[in-house]
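Structure first, commentary second.
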Amino acid sequence: MKILGIESSCDETAAAVVEDGNKILSNIVATQIPFHKMYNGVVPEIASRKHTEWILPVVKQALAEAGLSLKEIDGIAATGRPGLMGSLLVGLTFAKTLAWSSNKPFIAVNHMLGHLYASHLENDIPYPYLGLLVSGGHSIICKVNNFDDIEVLGTTIDDAPGEAFDKVAKFYNLGYPGGAVIDKLAKSGNPKAANFPMPIIHKEGHKYDVSYSGLKTAVINQIDQFWNKDFEKTPENIAAAFQTRAVKILLRPLLDASIDTGLKTIVAGGGVAANSLLREKLAEHKELKCIFPSLKFCTDNAAMIAGLGYHYLKRGDRTPFTVEASARVEGFSKKGRQ
């Protein structure tokens, strides 16, 4: 089955054609970073307008690169949740209209499950495994039983790691996007320049949860309190000290979950999965098999949406054209199909 995937949940307008869940025939991503860089963050109104402008040429390019006409497409998948409402509406409405007018099967999928599926585009990964979803809006540690069946073990109780990276980068004028900039700066800095605090939340059912509000506050508002006076307060040192603590906050509950569940395969997804220190630290655990998507599949893309959509459509699932976009995902903290 050849599936056309469409993704527009935030600030990337993307379309891809994927055959049988993992054979990528095309993968087009039009990024809006230059339009949001001056604001050090995504402006929803600008994002939705750019999606409206770009969605048709991006889809046409995806079909052309795949060497296929719309008639040769077996189904259409699009992100339906979660994300920025204005952005989601553009891609979802376009996909529904295209599917209806061409009489193609249609499925709306969960963007976060798409990120979790991204590694399947390049690897044959048996279920179950331990999933790590880390992005600007989410931090989820979960047991993955199937492509649509996950059991959430832990999540963030306040801020997501990607949001912390972005806020720290914005406060210190390090650049945009924050995650990539901090990762690059940290390579030239000393992680011992500051000893930022670890959150103490791993009690009373929070063993696998994470918290980033305290770290964010410490780096932005209380940096002198935790700074090592032997080091100069440079952007590189700030980035290195912050990133080291941010990654450690993730690793502790993740490794605990691996021990407690007995799952030795960890599959990561989401924008923060591109972080080089996170990859490096997990690679040190030789007892684990840690699988990361290629960097191009960590950021938002439509190949993961098409790949995931294939499994729903193959099973016979269909989404009615009355489906509406949703900025949030209800029940994502509970066990069950998503």
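Note that Cβ sites are derived from N, Cα and C of the backbone, with glycine treated the same way.
According to Swiss-Prot, the protein carries these features:
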type    : residues                                             : note
BINDING : H111, H115, D300                                     : Fe cation binding site
BINDING : L133, V134, S135, G136, G137, D166, G179, D183, N275 : substrate binding site
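Positions of Swiss-Prot features highlighted on the structure.
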residue : record                 : DSSP class
H111    : Fe cation binding site : helix
L133    : substrate binding site : strand
G179    : substrate binding site : helix
N275    : substrate binding site : coil
D300    : Fe cation binding site : coil
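Closest to L133 (substrate binding site) in space, going by CA atoms and restricting to the binding-site residues H111, H115, D300, is H115.
For G137 (substrate binding site), the same-chain residues lying six or more positions away in sequence with a CB closer than 8 A to its CB are P82, A160, G162, E163. Note on proximity: among S135, G179, N275, the binding-site residues of the record, the Cα nearest H115 (Fe cation binding site) is that of S135.
Residue annotation for substrate gives L133, V134, S135, G136, G137, D166, G179, D183, N275. The furthest Cα pair among them is separated by 18 Å. Cα to Cα, G179 (substrate binding site) and D300 (Fe cation binding site) are separated by 14 Å. Residue density at H115 (Fe cation binding site): 29 other Cβ atoms are found within 10 A of its Cβ, drawing on all protein chains shown. With respect to their backbone Cα atoms, S135 (substrate binding site) and D300 (Fe cation binding site) stand 10 Å from each other.
H111 (Fe cation binding site) is surrounded by 26 other CB atoms, counting those within 10 A of its CB over all protein chains shown. Taking CA atoms as the reference points, D300 (Fe cation binding site) and N275 (substrate binding site) are 15 Å apart. Within the same chain, the residues at least 6 positions away from N275 (substrate binding site) whose Cβ sits under 8 Å from its Cβ are G179, D183, Q243, V247, listed in sequence order.
In sequence order, E7, S9, C10, T79, G83, M112, G114, S135, G269, G270, N301, M304, I305 are the residues of the same chain, not among H111, H115, D300, whose CB sits within 8 A of the CB centroid for the Fe cation site.
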